[in-house]
Amino acid sequence: MNNIQKNGGTSNTIDSAQPKQLGMTSAISLALPKQEDIMRTEDLEKILEPYNVFESEQELNHRMEILAKLNTLVKQWVKDVSVKKNMPEQMAEKLGGKIYTFGSYRLGVHHRGADIDALCVAPRNIERSDYFSSFFELLKQQSEVTECRAVEEAFVPVIKMNFDGIEIDLLFARLALKEIPDNFDLRDDILLKNLDPRCVRSLNGCRVTDEILRLVPNIENFRLALRTIKLWAKKHGVYSNSLGYFGGVSWAMLVARTCQLYPNAVAATLVHKFFLVFSRWKFPQPVLLKQPDNVNLGFAVWDPRVNAQDRYHLMPIITPAYPQQNSTFNVSISTSKVIQNSFKEGMEITDEIMLGKADWDKLFQPPNFFTKYRHFIVLLVSSSTADDHLEWCGLIESKIRILIGNLERNQHINLAHVNPKCFDKSTGISKDKINTTNDNKSSEKSNDNNEESQSEPNFCSMWFIGLEFERSANLNVDLTVSIQSFTDSVHKHAVNIKMLKEGMKIEARHVRRKQLSQYIDSSFVKRERKASESLNNSSSSMTQFVKKRLSVESNLNANPKRNKVHHESFDSTNDSTNELLLDDTLPTDSPPTQQVCT
C-alpha cells in the first residue's frame, strides 16, 4: 500500500543551483534562509507542540494499522462479491481493490485525533450498490467499528464510521478496469473517461492532494507552514468550507502557492510571506498552482470565460487536477470580508514577530467575536437523541450559509459574521472545550441564567452570527422574512430526504450583546474582552512601523516597474514591487476551451 504512509507522502526538494519554476509565474525570491530564519522556524515548531498538531509515533502507527485492516477488508470484499457474481475464485483473487488516503492525512499535516479521509477503489465488476449494501454491512460487523452510517444521497456519497477510535470518511470509486493493482496511480486523466460523475468527484480528493504535493518545492517546509496556517485559521474562525470560509484543501493550496513564490524559504518565512501575499491578493483574481490541463473528457471545469456562474465567485482557488474546480465556491460577501480582514491582521502580527516584538503564540490568540458586535442571531438546534442530534446539526451547519445570504440581501446589514464554533446549550461553551474542568460550573451558571432550562430538550446546540448594521439614526430592521425563509428551507429539505424526526427543532433569535450570558458562559466573554484589550494595546505599538511601510509602498507604487527576481533576501517592501508576479489570471488572448457539462 504505497499510498498509506506514516507522514501521508514523500519528500521532495529543489536544488537551489538549478531553480525550477513551479506555478503560473516565476518566483518572487530565491533567497536562501538566514540563521535567524532557521531559529524562528525552530521557535515556531516548539510553540506548535502544545496545540496537539503533531502525533506521536505510536499514534501514527495506529493509523497505519487501521488503514491496513481496511485495505485487507476491501480486497476480501471484492473477491467475495465477485465469486457471488459467478466469477471463478482464482480470477476473483487477482482483482484487487485498494484504499487510498487524501486530505490532511495524505498531506502529512493531520493533528492529533483528526479524522482520515479515504477512498475505496474497486474494479469494474463492483457496483456502487454493492458498496452501500454488502460492504456497509461488512463494516458494521467489525468489532472495531462504531457509529457506522451511510450518506448515499450526498453530493459526494460517503460511509462515515469510527474505526478503533479514529473517525474515517470513506468514499467509493469504481474504475473501468478489470483489476486494481497495489501500486496503481490515480493521476492519469484518462482514468476518468466515461466514469460516473460521482466516481469522478470521489477520485478528485486523491488526485488534487497528490498534485499539490507534486507542485511544492520542499514538502517538509510546506507541511510545517501549513500546520501553522491551519491552526491560525481555526483559532480565528475562518476554517469551515460548509459555512463559507476556506476548507482544508483551500488553505493547503494557498500555502502551496506561497511555497512556489518563495521556493527556498523555511516555514517561519513562508508563514510571514503567506500573509503578505494574500493580504494584497486582488481577489477575485484566481489562485492557481499550475496552468489548467487541456483535457476534454466531458466534465465541467472552472472557467469564467465559458461559465457565467464562475464569474460571480468572490475568492476563487482552483484545484490543480482535472476537472479543475473552485474549492471556495461557498464564500459569501460577509465571509470574504472576514477572511480578508484576518489576512491583514495576520500580516500585522507576523510583522511584529519578524521584528522580535511578539512571539508566535500571539498568532494563535482568538479574535474578539463576542465583544466586536452589539447584535447577534442565535441559532438553537435541538433533538431528542444523540444520533438524531448528530444528523440534525450536520444538516443545519450545511445550510447556515443560506441564512447568511438572506441577511446579506438586507440593505441595512453590512456584515453577517458567522462563528464556526458550535456551542453546547447546557454548558454555554464551544463543543471542542466541553471536556474541560470547568464544565460543571459552566452548566450550573447557564442553568441559573436560563429560566426555561427545565423544559430544555435533551440535546441543544447553538451557532452565533454577529450582525453589523449600517450607521443610521432610529434604524428599525425586520429580520423575520430572512429567518423564516431559512428555517422553512431547512425543514423542507429534511422532509425531502426523510431525516426530520420528532424532537428535531430549529429556532433563530435576535439577541443583544448584554443578553449573551443567557446562552454562553459569561466568563468566556470576559476573557475574550480582556484578550482583545491586550491585543489592541500591543497593536498600537506597531502604528509607526505600519505608517513607515505604507509610505515606502506608496513611493514604490508610483513607479510600478517590474523588478527582476533577486537572489538576496527579500523584505516586505521589496515584495510590493513584484505585484505583477502574483498574477494568476487565466490568459485572455487564447480562445476558451469548449467543455461539455454533464
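Cβ from N, Cα, C; glycine included.
Annotation comment: TrEMBL describes 23-216 as domain 'Poly(A) polymerase nucleotidyltransferase'. Per TrEMBL, ATP binding site is recorded for Phe102, Gly103, Ser104, Asp115, Ile116, Asp117, Asp169, Lys230, Tyr239, Gly248, Val249. Marked as Mg(2+) 2 binding site by TrEMBL: Asp115, Asp117, Asp169. Positions annotated as Mg(2+) 1 binding site by TrEMBL: Asp115, Asp117. Annotation comment: TrEMBL describes 368-530 as domain 'Poly(A) polymerase RNA-binding'. The compositional bias 'Low complexity' feature in TrEMBL is assigned to 583-598.
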Would you kindly give the Cα-Cα distance separating Asp115 (Mg(2+) 2 binding site) and Ser104 (ATP binding site), rounded to the nearest Å?
9
Taking Asp117 (Mg(2+) 2 binding site) as the reference, which of Phe102, Asp169, Tyr239, Val249 (the binding-site residues) have a CA within 10 A of its CA?
Phe102, Asp169
Integer Å distance between the CA atoms belonging to Asp115 (Mg(2+) 2 binding site) and Phe102 (ATP binding site):
11
Ten-angstrom check, please: count other Cβ atoms within 10 Å of the Cβ of Val249 (ATP binding site), all chains counted.
23
Maximum Cα-Cα separation (Å), residues Phe102, Gly103, Ser104, Asp115, Ile116, Asp117, Asp169, Lys230, Tyr239, Gly248, Val249 listed as binding ATP:
20
When the pLDDT values for the domain 'Poly(A) polymerase nucleotidyltransferase' (23-216) are averaged, what is the result?
95
Neighbours of the Mg(2+) 2 site Asp115, Asp117, Asp169: Cβ within 8 Å of the Cβ centroid, same chain, sequence order.
Gly103, Tyr105, Ile116, Ala118, Lys160, Glu167, Ile168, Leu170
Give the sequence-ordered list of residues that share a chain with Tyr239 (ATP binding site), lie 6 or more positions from it, and have CB atoms under 8 Å from its CB.
Lys230, Ala233, Tyr245, Phe246, Gly247, Gly248, Trp251, Pro420
Out of Phe102, Ser104, Asp169, which of these binding-site residues shows the lowest number of other CB atoms within 10 Å of its CB?
Asp169
Cβ neighbours within the same chain of Asp115 (Mg(2+) 2 binding site) - under 8 Å, at least six residues apart:
Ile166, Glu167, Ile168, Asp169
Neighbour tally for Ile116 (ATP binding site), based on other Cβ positions within 10 Å of its Cβ:
24
